[in-house]
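Participant: Below: one structure in structure tokens.
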Amino acid sequence: MELPVASDSVHLAAYRPRLPLSAANGKEAPGGFDESGFYQCYGDGGSVASRGSDALTGYETLDSPPHYDFYANTEVWGRRRHFRPSLYQLYSNPEDNSGPPLYEETTGGRMEEGGENSEEDEEEQKEPPPEPLRFGWVQGVMIRCMLNIWGVILYLRLPWITAQAGIGLTWVIILLSSCITGITGLSTSAIATNGKVKKGGTYFLISRSLGPELGGSIGLIFAFANAVAVAMHTVGFAETVTDIMRENGAVMVDRTNDIRIIGIITVTCLLGISMAGMAWESKAQILFFLVIVVSFASYFVGTILPASPQKQAKGFFSYKADIFAVNFVPSWRGQDGSFFGMFSIFFPSATGILAGANISGDLKNPAVAIPRGTLMAIFWTTFSYIIISATIGACVVRDASGLLNDTVSASSSSEGCVGLACQYGWDFTECINNNTCTYGISNYYQSMSMVSAFSPLITAGIFGATLSSALACLVSAPKVFQCLCKDKLYPLIGFFGKGYGKNEEPLRSYLLTYVIAACFILIAELNTIAPIISNFFLCSYSLINFSCFHASITNSPGWRPSFRFYSKWLSLLGAVCCVVIMFLLNWWAALIAFGIVLVLLGYTLYKKPAVNWGSSVQASSYNMALNQCVGLNHVEDHVKNYRPQCLVLTGPPSSRPALVDLVTCFTKSLSLMMCANVVTSSPSPSVVEEASSDSHVTWLNRRKVKSFYRGVVAAELRSGVNMLLQGAGLGRMKPNVLLMGFKKNWCSDTPQAAHINPGFDGGPEGISTISAPPCIQTSTTSTVSIEAEPQPSTVFQKKQGKKTIDVYWLSDDGGLTLLLPYLLTRRKRWARCKVRVFVGGEMDQKEKQREEVLALIKRFRLGFHDVEVLPDIYQNPQPANVHQFENMVSRFRLDPNPKQDSGPPRQQEEPWMITNQDLERNKAKSLRQIRLNEVLQDYSREAALIVITMPVGRRGVCPSTLYLAWLDFLSRDLRPPVLLVRGNQESVLTFYCQ
């Protein structure tokens, strides 16, 4: 029986996939769900049987196209949940229907992976739950961060710091603080874009990057620091109110106790707003932001207005070059009069950069909102600090008495007058000499209010800045602490992790934060509270930067942040600078902070919590195990840290240099590589010695290939490969990918030699398969001496330049088809190559399908931007190519003549032979491979490498010789190397941080 040509009954266009859901967003496609044939066809798998035949076909492998559901952990309300078929389902006999369902329909609730409802039983959920409030990058991150940065220090201490350090050093303090926070912002952006971020803010980012040991300790410290920051900003507010009351003769007890009373009342009111929910809190933040902007406008207008006598008496003379020059240099005063003393007081004003990240669970798109909002907030607040310090330093002298009669009269001599104000007709000599001046930027904390055009607006701005910062910290601390409590890393804190309402508000954590803040409010001294939290925030920033550096330096394949504007060495510099500054500011406070971290770290290491977040510490522990062969049983598996650990069927490695070099590109300094040689012979001492000869290891060492070598002796190649798959490796460090060169001489060799399919049959669970047809043919018995042979050069050792790596992602195998090209582009030789991804589709929906696949790939953060939909892969192949394929398999065809046909008994004796029924069952799939070769010829003739999904033939339906014919014809007459890849149907890519 011949394969049909274009005019026959089988048409590939009838078997293109019909995706019911958008791969990008998981929404149901217009027109409803047509489940007929959804999982029955696609690319290399699916039903492509002749529509006129009722027979099951080898193409009916349940293979499916790339789909969002296969990688998502949760289900969208009220639609079908689809599951990727297992490798067993793909390869097993069609009559075997065992295995998990391919989809499951829900009527309510979000479904976790596995199909179970995450909230209540479906019967109790008649309607979808209300959507929780979500914020964009402006309102959720930028404004929140700016409000937290524009805190009490801006209005009440920046003029004083400018007087102490001078304008020049104040700029240095501002820029140094901004450099630290900017580097931390870049590191935070990188971590936040390395997968989908959930609730928990800074703690979530650090713990999922560095693991529970450091993440838990820094989570407690950061939550505590935010609680203390609530006290700092509240004391600033209370201090302003107390000063206003004293100016108007209203005193309750004394200044200190008045600050305490007002502070407690204020933080209680803020607690009520916070517990009312994020909606009320966000509205309050917008109001505070508008008030601050108006206060800035009032201040800048005031600096250009002519100075009134009352303002001149207080030291304000509008813009003067002499005042700017004098105030540009430092004038240290008091016990805090030093650079680092001023830095310790100012730095907390820059610590609000994580206010947006701390509510990560309430953001619409944290991966976009956190980088954009955080960095924009740092830029604008730094700019505002520099401008305000420059303008206040150019307008106000350091010392003034505030008395209208302290003027220089025309008759008096100015020789004894001290201070710059003498040039402008004012004599503040007495208060300067006696150190009793109450005004000027060195003495009067409310200098911005005095300068402004309308001082009540500055007072309103102080209220807005202090209250908004206190409110932001009062929200951040419970959110972080709640996530820490839910992870159950420490005892006795789980009580505070309970959430209430649709937003899971941590009401109990709010109350705990309130108690901590109230205790520190009782200190009632802003300059005492500010240095306390500086060390805690610096410790947090240090670990954030170290997290980014550590994740980068371990070369984990799971570290793929979509935010590219970061440097691991800059992150390390930021971490070191934070630690150094901690000790320069207050060495004993730094020791206390690190002591707390070490105690909590020791406790977590001792308890060993049963969590697996795919941290970079786990990735580095794998590297240690790989290099030192220690602790192999403790290396945890996680999809984030998936590495191709390769068992390479090279035969003698020296005879397969191209295959060895290819695998080295994937595994060098990253993961396990084991070259394997199956010697088909009866066991004997000489044969065993030949298989395990040290000459093979010597050749690998001379080629500078980090690889193990293992040789086995078996009666046949199939059993030898199975031995290697089951026995190779140590502990968790064992092969998960099988690579083999293609057997080019399969047509001329004995049929028994071609009867092998080790990647799909007989191997342990979890093995993926890669075949490299152009590399080298398979041989199993020959060995050669390589002591004196020169090292051959292969294409995989050459620098590729600006070429393309063409990926034909025809079936979803778990993502291995995409991951391997990504790992290649991380090598210098392949770094300049552009990856092009080709998928099947329909002409009338080509652009839509392209956008959907591009959105799906974007979630993996691989950096692939070139996607092309190929409707023409569903066309029938050229008749001439069909005839060539027929000639290729003709040698293995059973005679169709019933008189000579031995029937089933002969096929059982020769299972590699192809019957008419085999051709009929697999005719559409055979046509598909022929057509794909034509497509590869058209699109990828000049590519540096072609990576394509490997077809799967059904056991008992597709003979091994027919399967080899598919692979051979698929890669026929192609100049670039071809990798045929089939993952084990388990995800090796993920959207998520954990």
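Note: Cβ is positioned from N, Cα and C throughout, glycine not excepted.
Please treat TrEMBL annotations as automatic predictions, because they have not gone through curation.
If you look up TrEMBL, you'll see 114-125 marked as compositional bias 'Acidic residues'. As annotated by TrEMBL, domain 'Amino acid permease N-terminal' applies to 57-112. What TrEMBL records for 140-647 is domain 'Amino acid permease/ SLC12A'. According to TrEMBL, the feature domain 'SLC12A transporter C-terminal' maps to 656-750, 787-993. Annotation comment: TrEMBL describes 91-131 as region 'Disordered'. According to TrEMBL, the feature transmembrane segment maps to 135-156, 168-194, 214-238, 259-280, 286-307, 339-357, 377-397, 507-526, 565-582.
Could you give the neighbours, burial and distances for every feature on this list?
Facilitator: Mapped onto DSSP classes, the domain 'SLC12A transporter C-terminal' (656-750) shows 41 helix, 22 strand, 32 coil.
Same-chain residues lying 6 or more positions outside the transmembrane segment (135-156) and placing a CB less than 8 Å from one of its CB atoms are 232-233, 235-237, 239-240, 282, 285-286, 288-289, 292, 345-346, 348-357, 359, 362-365, 368-370, 372-374, 376-378, 380-381, 384-385, 388, 445-446, 448-449, 458, 461-462, 464-466, 468-469, 472-473, 526, 530.
If one looks beyond the transmembrane segment (168-194) by at least 6 residues along the same chain, the residues whose Cβ comes under 8 Å of a Cβ in the stretch are 158, 161-162, 202, 205-206, 209, 328-330, 339, 342-343, 346-347, 349-351, 353-354, 357, 360, 366-367, 370-371, 374-375, 378, 382, 385-386, 389-390, 393, 538, 541, 544-545, 547-549, 551, 558-563, 565-567, 570-571, 573-574, 577-578, 581, 861, 993.
Cβ atoms under 8 Å from those of the transmembrane segment (377-397) belong to residues 141-143, 145-146, 149-150, 154, 158-159, 161-163, 166-167, 170-171, 174-175, 178, 181-182, 185, 296, 299-300, 303, 315-321, 323-324, 326-328, 349-350, 352-353, 356, 419-421, 428, 440-441, 447-448, 450-451 of the same chain, restricted to positions at least 6 beyond its ends.
Within the chain carrying the transmembrane segment (565-582), a Cβ under 8 angstroms from the stretch's Cβ atoms is held by residues 179-180, 183-184, 186-187, 189-190, 340, 343, 347, 534-535, 538-539, 541-543, 545-546, 548-549, 552-553, 589-590, 593, all 6 or more beyond its ends.
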Participant: By Cβ distance under 8 Å, which residues at least 6 away from the ends of the transmembrane segment (286-307) in the same chain are close to it?
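Facilitator: Residues 139, 143, 146-147, 150, 316-319, 384, 388, 391-392, 395, 448, 451-454, 457-458, 460-465, 467-468, 471.
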Participant: Residue list, the transmembrane segment (214-238) vs rest of chain: Cβ under 8 Å, 6 or more residues beyond ends.
Facilitator: 151-153, 156, 200, 202-203, 206-208, 258-260, 262-263, 266-267, 270, 348, 351, 358, 462-463, 466-467, 469-470, 473-474, 476-478, 480-481, 483-484, 487, 489-490, 512-513, 516-521, 523-526, 529-530, 532-533, 536-537, 539-540, 543, 547, 593, 596-597, 599-601, 604, 615, 617
Participant: Apart from its near flanks, which chain residues at least 6 from the ends of the transmembrane segment (339-357) lie with a Cβ under 8 angstroms of it?
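Facilitator: The answer is 137, 140-142, 144-154, 157-158, 161, 164-165, 169-170, 173-174, 176-178, 180-181, 184-185, 188, 192, 201-202, 205, 229, 232, 330, 363, 366, 369-370, 373-374, 377-378, 381, 385, 469, 472-473, 476, 527, 530-531, 533-534, 537-538, 540, 581, 584-586.
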Participant: Report, as numbers and ranges, which residues of the same chain sit near the transmembrane segment (259-280): CB under 8 Å and 6 or more residues beyond its ends.
Facilitator: 133, 230-231, 234-235, 237-239, 241-242, 252-253, 359, 362, 467, 470-471, 474-475, 478, 501, 503, 505, 507, 510-511, 514, 517-518, 521-522, 524
Participant: Below 8 angstroms Cβ to Cβ, which residues of this chain, lying six or more residues outside the transmembrane segment (507-526), approach it?
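Facilitator: Distal contacts: 152, 156-157, 223-224, 226-228, 230-232, 234-236, 238-239, 256-257, 259-260, 263-264, 267-268, 271, 274-275, 474, 477-479, 481-482, 485, 495-498, 500, 532.
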